[in-house]
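Residues or ranges marked as domain 'CAND6/7 N-terminal' in TrEMBL: 27-156. TrEMBL lists 175-415 with the feature domain 'GOST seven transmembrane'. If you look up TrEMBL, you'll see 1-23 marked as signal peptide. Feature annotation from TrEMBL assigns transmembrane segment to 176-194, 201-222, 242-268, 280-298, 310-332, 360-378, 384-404.
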Amino acid sequence: MAALYKSSLFSIVFTVLIATVLAEIRSTQIRSDSRPTIPFDEFGFTHFGRLNLTITDISFSNPKSGPEPVPSELGFFLVTNEAWQHVLEQLQDGEIQCTLHSNLVKRVFTFDKLQPSARQFTTSFSVSDANQFTLVFANCMPNLVISMNVHSVMYNFNPKSGQLDFLSAGKTALPMIYFLFFIVYVLMGAFWVLTLYKKRLSVYGIHFFMLAVVILKALNLVCEAEDKSYIKKTGTAHGWDVLFYIFSFLKGITLFTLIVLIGTGWSFLKPYLQDKEKKVLMIVIPLQVVANLAQVVIDETGPFSENSYTWKQVFLLVDIVCCCAVLFPIVWSIKNLREAAKTDGKAAVNLMKLTLFRQYYVIVICYIYFTRVVVYALETITSYRYQWTSVVAAEAATLAFYVFTGYNFRPKAHNPYFAIDDEEEEAASEALKLEDEFEL
């Protein structure tokens, strides 16, 4: 039995580390499940936390004709990540035979409290210890298969305002954070429209595409702000999650497409896309569809569903492939500019373009690394009370990337490349000779 619990550690702890914890009212169906531990949801409680649990349609079966179920060996409990590791040590050392017997868990309900013929129950459990807990069902009967419907409601009570907060502690500031970033993007969009109007004689199609990306990002943020606001107040999103998924899908596709188009130099360097560049778009766009589908499944089924680990792996794999794919057009443009510099006699012009694309290549890599690796590390090491900091870091990095892209590829009223004297041309030629030492 200890081996079974040890194997379940990896499924619980690993998914805890990579899950996005935005607990709310959640309903889960368990069908013919024999796992010794079934995690449901994770929530950061304050000193005034509460869990309401309703279980219906309970049924047991033992396909191997084993002993009759012992009700005291079945039940729900709350446990922290740190305490769970010690519980496993107790099992391995033989101190306990079931997780429900450990003094390190908070027993919410055991099935010995059920009436003999009852198939449902409702219970309420107060949490006074401020910490992040995972709601888990323990099945300490080997080979016993259980089916049931689980409806859990976890929230914190604010004694000052008298209101309930259904967002995990550390996430309660998210509605305001998302709304503030929405305001910033609205102002940035308005500034971009003003820029396009003033420089309308030198505006290309890519500049209107940039405006579309900013608008979709703003709509995505306001929907996410409303989504989290309704969850915070009522525990459900009231339809805002659907709008959030739609705009998140459109924002993801347009952002990756924009990076590819800028990397190819479309519109402002050349009016067409080469076949290999079109193939990159044909790869990135379907992969973004798959990535958004995986994200929806993860969010809607909960971080601890049986298939959540598979969907998380799919999401991570697809996201990595997309991030790598968008770098190829930038590399191709840098290569083409270096080759053109040797043949067309416009060393200074090509040096400026080459420098810009180099910078963009580095910034794209930094953006991908920060939002995929640094933000994940921040989520892992940060206390549950400050989980909002990873959101701020990710959104600030995205904002900085948008600003850099817009500033460096903004429409310009005049072409500075026309005003280049012979000395600057010679200096640029010498600089380009040194470019051969640069390798991507």
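Any Cβ shown, glycine's included, is placed from N, Cα and C.
Where the annotation comes from TrEMBL, it is an automatic prediction and has not been curated.
Note that the coordinates shown come from a computational prediction; the quantities given were computed from them, not determined experimentally.
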Non-local residues, at least 6 beyond the ends, that sit with Cβ under 8 Å of the transmembrane segment (242-268): 204-207, 209-210, 212-213, 216-217, 219-220, 223-224, 227, 274, 277, 280-281, 284-285, 288-289, 291-292, 295-296, 322, 325-330, 332-333, 357, 360, 364, 405, 409
Contacting positions for the transmembrane segment (384-404) when only residues 6+ beyond its ends and CB under 8 Å are counted: 21, 44, 131-132, 168-174, 177-178, 181, 184-185, 188, 213-214, 217, 221, 363-364, 367, 370-371, 374-375, 378
Chain residues outside the transmembrane segment (310-332) and at least six past its termini with a C-beta under 8 angstroms from it: 15, 18, 256, 259-260, 262-264, 276-277, 280, 283-284, 287-288, 290-291, 294-295, 297-298, 301, 357, 360-361, 364-365, 368, 372, 440
Segment confidence, the domain 'CAND6/7 N-terminal' (27-156), expressed as mean pLDDT: 88
Per-state residue totals over the domain 'CAND6/7 N-terminal' (27-156) - DSSP helix, strand, coil: 21 helix, 68 strand, 41 coil
